[in-house]
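K.L.:
Take a look at the following structure, please.
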């Protein structure tokens, strides 16, 4: 069983500054990195030990999933065909909530949670717009205002660009909670973090 669920969203422009090979596409919206069931005291990974992934063959689902959860380093057609990223994430994380959500339900849940908060639009409404820098406090408090929970933040190492936002949910995945061990970005001095 898991105690909380974390939806990890990545900002493609920052992610694509970290990849060894250039991204094949850079959407101008947050994309899903993963949906991670966890316990407060320990991280849950690879809960099955087996390869439990079954390739998705529903064309609409594959398209919807690729819109929200793409592998940015791979062309869209290859991503949908080979499903390497989805397989990795499912075997590493999805197997840790398989008693509550089967494979299809797991991916549906991830998409529904992403759609619940149109994070980019909500951040814009609060005055946080790509192309600018903001304090960690401003980003944290804005996300808390949008979601009702204190997020996990991660940034790129050298440039201190906003890379990922983690939104945590209770064990029923109904309510947003403060992330139990909030990670944050630590820019030098009062430089703030870039939202590229």
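Every residue gets a Cβ built from N, Cα and C, even glycine.
Below, the features straight out of TrEMBL:
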| type | residues | note |
| --- | --- | --- |
| ACT_SITE | 33 | active site |
| ACT_SITE | 89 | active site |
| ACT_SITE | 93 | active site |
K.L.:
Give me the CA-CA distance between residue 33 (active site) and residue 89 (active site), in Å, as a whole number.
P.N.:
8
K.L.:
If you count other CB atoms within 10 A of each CB, which of 33, 93 wins among these active-site residues?
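P.N.:
Sorting the candidates by Cβ neighbours within 10 Å, the top entry is 93.
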K.L.:
Over all shown protein chains, what is the count of other CB atoms within 10 A of the CB belonging to residue 89 (active site)?
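P.N.:
Counting Cβ neighbours of residue 89 (active site) within 10 Å gives 22.
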